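**Q** Grabbed the feature section from TrEMBL, which reads as follows:
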type	residues	note
TRANSMEM	B:23-40	transmembrane segment
TRANSMEM	B:46-65	transmembrane segment
TRANSMEM	B:72-90	transmembrane segment
TRANSMEM	B:96-115	transmembrane segment
TRANSMEM	B:127-144	transmembrane segment
TRANSMEM	B:173-193	transmembrane segment
TRANSMEM	B:223-243	transmembrane segment
TRANSMEM	B:263-285	transmembrane segment
TRANSMEM	B:297-319	transmembrane segment
């Protein structure tokens, strides 16, 4: 039982990070139909920038804030410089542009920062808390709480604010939203900014637990992408459930089956889910008109 | 120009022949293989050239899947890996001849593509992308983790290919072998495109539902071309491993898959010459950037974005359109 709890805790912690990455995917996908493979680089930038600003003498909270703002600017830049000029391109072309952006950002990070592994100090010490025979790092609780806060804030934003409704309207039907007077170009740019900020927050939260380096973004993006798919592309609740699901499956797979194939578990489950439900857990099927 | 009524720009004529017609395409490809060695200053150029031709085999195959059948695959490097490890493992463990090992690798790739392709190809769009991506990553993971067979992340040695008692070595030899095989694969691909299968594929590309309505067995054709493209990738992988003499799991990794897709799209989907040109760009570009090795990835990323933004339909189709428009 203690073992089970231990796996569940570590699974939920990583899962919360995957969920944030998947949420970022979902926001951009809903607003613009773009699958942003550079989403993992936002997580990397958030973590790496915080580390280096801290090394430069800034206190950690200020460094984290600056890092998140800087990543947000990168997100807006990605939209303005790479996605907007390619308006109307095919989905595959857009995917390749974002993959190009991710290679670019990784290369830039290797130059601006360095190629070594880095870590941030945990927020509330490294003394594990004992729960039912399992031990939980305080930072895990920070990650879970942080993810929960972001989900609640996003939910309130979409349900309770006019601009949130405008984003939802743009996601539902871009042309109709534009006709109703919504500045859809601004909404799409905004969704890139928010996605980048969420990714950076995930990076800041998780770097005290997992190490960060210039190239952690790729695997992060793949897992987040898989989580978003598992939940059904474009569904924010699906993204959260998918993220936690992939995290838990990985932890249990590593614990009970094989730690070597930890990364494989998530992908196997995704393949199985897609074969049974070709639109993910919460996705709706689309009807093709001829 | 003296005569404004001149029928066409001479270049556009060459290009029209090159890209519109089977014989013309093969002639252009043959020239691309034969002419550069006349000005190669060192054997290093043969080496880069050999890699271009070998990888072009894989990207021609992937172009059949992407450009003609309209199905994206982000996992084709997995098949490159199977072909590569087949010629590495089978001769050393079972004493198989290099060519037999290559055939065995192609057969395994075909079988895997057949059985995995059936459920995967039912998926559409982004779901297809993530399923092929996961599939490719799983294959790469097996190569990384089964260290007893594959040497793990460090990779393994590949025994030299021996043909009729003559060991195949040297960048120039591989340049010609790669070039000839590439032209042969292009010829086979062009025949496929010209066949009823090719027409069915284009119908699927335009609209799956419409193709189904007029009686095209969509699932079967998609599967056929998926298997064919897997065999192309596997053979390219075998050549690559035999040429290099060493193989690591990176050959089957996600980045290799991305590279392949980029080659097809940059060159031009649905254009065989495009695949070869796209491969040349992606292989040669990093070589020319070695003097700024720190900035290599930064530059490659930037180039990929610029190509996709400004030459959206790919180099060869964009060039053709430009020349035709000027001539018209």
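Using N, Cα and C of the backbone, Cβ positions are placed for all residues, glycine too.
TrEMBL annotations: computationally assigned, not manually curated.
How buried are these features, and what lies next to them?
**A** Only residues 6 or more beyond the boundaries of the transmembrane segment (B:23-40), in the same chain, are considered here, and those with a CB under 8 A from a CB of the stretch are 14, 16-17, 46, 49, 53, 172, 175-176, 179-180, 182-183, 186-187, 190, 272-273, 276.
Residues of the same chain lying 6 or more positions beyond the ends of the transmembrane segment (B:72-90) and with a Cβ under 8 Å from any Cβ of it are 58, 61-62, 65-66, 96, 98, 100-102, 104-106, 108-109, 112-113, 128-130, 132-140, 143, 149-150, 156-159, 161, 226, 229-231, 233-242, 247, 249, 251-261.
Below 8 angstroms of C-beta separation, residues 18-19, 25, 28-29, 32, 48, 51-52, 55-56, 59-60, 62-63, 66-68, 182, 186, 189-190, 193, 299-300, 303-304, 307-308, 311, 313-318 of the same chain, each at least six residues beyond the ends of the transmembrane segment (B:263-285), sit close to that stretch.
Sequence-distant contacts of the transmembrane segment (B:297-319) (same chain, six or more residues past either end, CB-CB distance under 8 Å): 15, 19, 262, 265-271, 273-274, 277-278, 281, 285-286, 289.
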**Q** Using Cβ distances below 8 Å and needing 3 or more such pairs, separated by at least 6 in sequence, tell me whether the transmembrane segment (B:46-65) contacts the transmembrane segment (B:127-144).
**A** no
**Q** Who are the long-range neighbours of the transmembrane segment (B:127-144) in its own chain, taking Cβ under 8 Å and residues 6 or more past its ends?
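**A** Distant contacts of the transmembrane segment (B:127-144): 71-79, 81-82, 85, 116, 120-121, 150, 152-153, 249, 252-254, 257.
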**Q** Sort out the residues at least 6 away from either end of the transmembrane segment (B:223-243), same chain, that have Cβ-Cβ distances under 8 Å to it, and list them.
**A** 50-51, 54-55, 57-58, 60-62, 64-65, 68-69, 71, 73, 76-77, 79-88, 98, 101-102, 105-106, 108-110, 112-114, 117-118, 120-121, 158, 160-161, 168, 174, 177-178, 181, 185, 192, 197, 201, 251-252, 260
